[in-house]
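Take a look at the structure below.
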Amino acid sequence: MKILVINCGSSSLKVGVFEIEEKSTEVFKASYEKFEAGSCSYEITSGGKTATGEAPLNDIAAALVALPRSLADRGVTKLDAVGHRIVHGGEDFRTTTVLDESTIKVIETLTPLAPLHNPPNLLGVRIAKEVWPNLPQVAVFDTAFHSTNPPRATTYAVPRTWRDAGLRRFGFHGTSHKYVAIRAAEEIGVPLRDLQIVSVHLGNGASVCAVNYGESIDTSMGMTPLEGLVMGTRSGDVDPGLFGFLSRQHRLSIMEVEEALYSDSGLKGLTGSSDMRDVEDRAREGDADAQLAIALFAYRARKYIGAYAAAMGGLDAVVFTGGIGENSPSMRRRICDGLEFMGLRLDHDRNQVVDLANHGAPQIQAYGARVRVIVTRTAEQLMIARETAAALKPMTSVPAPIPIAVSARHVHLSRRAVEALFGAGYQLTPAVSLRQPGKWAASERVMLEGPKGRLERVAILGPERPRTQIEISRTDGFALGIDAPVRDSGKLEGTPMVRLIGPAGILDSDGLIVAARHIHTNPDDASRLGLMDGTLVDVHIEDEERGLVFGKTLIRVSANAVTEMHIDTDEANAADIRISAEGSLVPDLSALAVRSTEP
Ligand code: ADP
């Protein structure tokens, strides 16, 4: 598929054309800026050649209208779709969306949330619709990747009326964070959904994102792109109390304070320059303001990395991107300094000479360091093209029915756990065979105890496992008073402790999870159904009253498995499934994005 990507800002236009296949390639790239009466400057790269100069184009609209000619002159024809960067998708747009008049109208209502960004983005959509009336127009939102952030990360502790009016955290740079997390996982050679990554995007705008097993669970920008890190001209985190102080003591209006926080703060407020290269040069020459600015910039980023490692309960990799993250070895070093206690140590030589050509993602951690440190150039345009292509793949439902089984709370015990609970040398008694070959429920039961309460007569499933794993529903978590994470079976790092009580003793064990829904299948059924191990699918449950789609269902292929989807009791209740049911597969787009490879 050949996708035209349009990133229409307030003062510049960036365009790319990508051939999206198994290996994606950028066949055309252009930027237009410095619009003045009658002209603008441009840079166009195509067929390995770059041309720069002045063009007689008044404004961004004129540059867009002239684009088909520029493309045709370079042999770039037969486009399949246009992908647009839209900064704010609000609560309405949680994923890439094919645009029509009604969706465009909804995006227009989001203007108050991003007054500087969404209007020019939408101008690009309007003009593109006129220039390419027969092509699908697709919106890729900066906020969408963060739509998985839980309420504890998106909620401000403010009056209900404000929250009811839409005040909440959204986060930005989502396309960049998603791209670099995928790129880091490819470099490490481990599926993204098995990694805990902190993505650090340091450009003129800057943000950090906690990418926990493939999903954003928190990010440093909030309702607006003002929150979080120190940026080129933006303050990042401040005490909201400063509004009252500046109003009372200095007679500044809210507009004046807001304007200063957006445009005269950050590096610019601290040093007079918003450009990190200037600031670093001046610091080297001994300028105390510049030295403080650099220290503050690094300190804030380091605090967020630590905070997000804590939020995820683990850290496998830190990825640096954006103009500063990609190009400033000294800033990367300052940020990482002091994080050795978390297993994060840089190799100073490798940090000094990163080569980012050809979408490189070099690792710069010290030999033997537990946490990887990766640098890579962000590629938001490529990501927008990929997402656009994925959104346009035919959404044909695969009708093959998938049997669904409901798993009530249960435990898998290790040998040590069996002996602690039932006595030395004790062997569990298989009582009921399960559908998966070799699996059974034991006649013995255990009790679970948490700070708030107990769950009695919890089933034990055999055979024994190397590590104890306790699977409960979210509702069970409330009864116990323990916040268990949603995890795939076996992914137990950093999981909470719970007390198991048996007839012969008690055992405090970690391994408490809410099991992520999954489909067991065997290689034959997998190939018949077009399923791949480790990917995610959506499963549609048809029911007149409570039908729903279970998203992000993990495919687990193993030699003798019986094809069956496992959900927990909360999920079953939501779909009104009593003991068993059938579902049908629908294609999943995020799995496709994760699998795609780099040019
Ligand atoms: P934007 O967020 O506008 O896309 P960029 O990602 O291009 O911005 O980042 C711009 C920032 O990167 C500027 O502060 C610039 O000084 C900084 N930068 C670019 N190259 C270097 C470098 N070699 N060393 C330090 N900072 C750099």
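Just so you know, glycine gets a Cβ as well, placed from its N, Cα and C.
Pulled from TrEMBL:
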type     : residues                                                                                                      : note
ACT_SITE : Asp142                                                                                                        : active site, proton donor/acceptor
BINDING  : Asn7, Glu380                                                                                                  : Mg(2+) binding site
BINDING  : Lys14, His201, Leu202, Gly203, Asn204, Gly205, Asp275, Met276, Arg277, Gly323, Ile324, Gly325, Glu326, Asn327 : ATP binding site
BINDING  : Arg85                                                                                                         : substrate binding site
SITE     : His173                                                                                                        : site 'Transition state stabilizer'
SITE     : Arg234                                                                                                        : site 'Transition state stabilizer'
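When secondary structure is read from DSSP and collapsed to three states, Asn7 (Mg(2+) binding site) falls in the strand class. The Cβ neighbour count for Arg277 (ATP binding site), using a 10 Å radius over every protein chain in view, is 12.
Here His173 (site 'Transition state stabilizer') is compared against the recorded positions Asn7, Arg85, Asp142, Leu202, Arg234, and the shortest C-alpha distance is to Asp142. Comparing CA positions across the recorded positions Arg85, Leu202, Arg234, Asp275, Arg277, the one lying closest to Glu380 (Mg(2+) binding site) turns out to be Arg85. Taking Cβ-Cβ distances under 8 Å and a sequence separation of 6 or more, the neighbours of Asp275 (ATP binding site) in its chain are Gly232, Leu267. Neighbour density at the Cβ, taken as the number of other Cβ atoms within 10 Å, is lowest among the recorded positions Asp142, Glu326 for Glu326.
Within 10 Å of Asp142 (active site, proton donor/acceptor), judged by CA to CA distance, lie the following binding-site residues from the set Asn7, Arg85, Arg277, Ile324, Glu326: Arg85. Highlighted here are the binding-site residues (Arg85, Leu202, Asn204, Asp275, Arg277, Ile324) whose C-beta falls below 6 Å from ligand 1: Asn204, Asp275, Arg277, Ile324, in sequence order. You'll find the Cα of Arg234 (site 'Transition state stabilizer') roughly 23 Å from the Cα of Lys14 (ATP binding site).
A coil conformation is recorded for Arg234 (site 'Transition state stabilizer') in the three-state DSSP classification, outside any helix or strand. Counting other Cβ atoms within 10 Å of each Cβ, the lowest count among the recorded positions Lys14, Arg85, His173, Arg234 belongs to Lys14. Distance noted between the C-alpha atoms of Glu326 (ATP binding site) and Arg85 (substrate binding site) is 22 Å.
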